[in-house]
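Visitor: So TrEMBL says this about it:
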- Glu221: active site, proton donor (ACT_SITE)
- His29, His31, His218, Asp299: Zn(2+) binding site (BINDING)
- Asp300: substrate binding site (BINDING)
- 24-353: domain 'Adenosine deaminase' (DOMAIN)
- His242: site 'Important for catalytic activity' (SITE)
Amino acid sequence: MTQTDNKAKHECSKEMHNFLKELPKCEHHVHLEGTLEPDLLFPLAKRNKIELPADFPKTPEELHIRYDNFENLDDFLHFYYIGMGVLITEQDFFDLAWSYFVKAKNDGVWHAETFFDPQGHTERGIKMETVVNGFNRAAEKAQAELGISTKLIMCLLKHLPVPNGMETLKAATGFYKQGLIHGLGLDSSELPFPPKLFTECYSYAAENFGEDVGLTAHAGEEGGPEYITQTLDLLKATRIDHGVNSYKDDAVMERLARENVMLTLCPLSNVKLQVVEDVAELPVMKWLEVGVPFSINSDDPAYFGGYILDNYVVMHTRFGFDLNTWGKIAKFGVDGSWISSERKKKIHEKIDDVVANYKKLIE
Ligand code: HPA
Ligand SMILES: [Zn+2]
């Protein structure tokens, strides 16, 4: 989607595009496995001698066409799990994450909290340390060479049995203790797997992974607002991934505002997975009115046609925010990040600078 797409209501001028690119961004909702571009998937399948299913598209071009036609979350997840099956060695995981961090830097990301799905790999016989070490090496390099601060968030898969999730958590304890993993998330099929199923897993993490462990979970993407309530009440999460369906219950929205719970919105994902027909339908004006903080993210950029800046741009074409509102949204993302108050202050100051500089140019 670009400023030429026929549903755009507001122009994203060259200056506005530059502003959005320079605006310091924090990304909180990106699955590292979801950054696997078709251009890398096929070579990795070949290098690792992975046979793709007989009916799998045969070229990156054909795969892109299939990715343009997801029916819903589960239809996407089918391809997502096949895709991650080509990742075998520590170097594969490193290469994947590093190429994401390079793109993120280019899009103006200052801080990235990235998801990964250990069960999607351990189920295939890959050791968790292969995955964590590959991702962590890339994260350390991103910090050292690109100046991006990072956190790794391990997700449990909702479609797998809870005991499998518990076992995975226990196996990850050492990585949390070493500071290599910082948070716990919950993803995969939303219906019919309500968050309450995973209460025990979240209590285990809260009790065993240290007080700084960040707790978040996908909720309210296809499930209703009651999934958000369960996530807050039972999982004690401090953020909600997606949370689009919060708009269906005023009391839930008011609670999110009152308790300062950030939603990690993924606009292009929501269109590709048919959560909404168009980005303009997302309830962001309601959230701004009620005071619900949200950040803007890419989710699975290789599958949904855009990285974080593309998501900022499409939001601009639908909502036409002024520079102050963009500054406010960027600061929501900073405040909802699991970073020190000094780092927050530094990013806030840069946001203020960029907004002030572009006011001379644009408004
Ligand atoms: O958007 C998502 N929702 C649920 N599970 C996922 N796994 C990758 N992306 C997603
Ligand atoms: Zn997601």
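Using the three backbone atoms N, Cα and C, a Cβ is placed for every residue, glycine included.
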Visitor: Neighbourhood of the Zn(2+) site (His29, His31, His218, Asp299): other residues with Cβ within 8 Å of the Cβ centroid, in order?
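Guide: Surrounding the site, in chain order, are Val30, Gly34, Phe115, Asp187, Asp241, His242, Thr264, Cys266, Ser269, Asn297, Asp300.
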Visitor: Just counting, how many other CB atoms are there within 10 A of the CB of the residue listed as 'substrate binding site'?
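Guide: Within a 10 Å radius of the Cβ of the residue listed as 'substrate binding site' lie 27 other Cβ atoms.
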Visitor: Suppose we screen the recorded positions Glu221, His242, Asp299 by Cβ distance to ligand 2 with a cut-off under 6 Å; which survive, in sequence order?
Guide: Asp299
Visitor: Reduced to three states, what secondary structure does DSSP give Glu221 (active site, proton donor)?
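Guide: Going by the DSSP assignment, Glu221 (active site, proton donor) belongs to neither helix nor strand, so it counts as coil.
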Visitor: I need the CA-to-CA distance for His31 (Zn(2+) binding site) versus Asp300 (substrate binding site), whole Å please.
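Guide: About 6 Å separates the two Cα atoms.
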Visitor: How many Å lie between the Cα of His29 (Zn(2+) binding site) and the Cα of Glu221 (active site, proton donor)?
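Guide: With distance taken Cα to Cα, Glu221 (active site, proton donor) is 13 Å from His29 (Zn(2+) binding site).
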Visitor: Please identify, from the recorded positions Glu221, Asp299, the residue with the sparsest Cβ neighbourhood, meaning fewest other Cβ atoms within 10 angstroms.
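Guide: With the recorded positions Glu221, Asp299, fewest surrounding Cβ atoms within 10 Å: Glu221.
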Visitor: Using a Cβ-Cβ cut-off under 8 angstroms and a sequence gap of six or more, which residues of the chain neighbour His218 (Zn(2+) binding site)?
Guide: Cys155, Lys158, Gly185, Leu186, Asp187, Glu190, Asp241, His242
Visitor: To the nearest whole angstrom, what is the C-alpha distance linking Asp300 (substrate binding site) and the residue listed as 'active site, proton donor'?
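Guide: Roughly 14 Å, rounded to the nearest whole number.
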Visitor: Let's check the environment of His29 (Zn(2+) binding site): how many other CB atoms sit within 10 Å of its CB?
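Guide: That number is 29.
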Visitor: Would you mind checking how many other C-beta atoms are within 10 angstroms of the C-beta on His31 (Zn(2+) binding site)?
Guide: 25
Visitor: Considering every residue in the domain 'Adenosine deaminase' (24-353), what is the mean pLDDT value?
Guide: 98
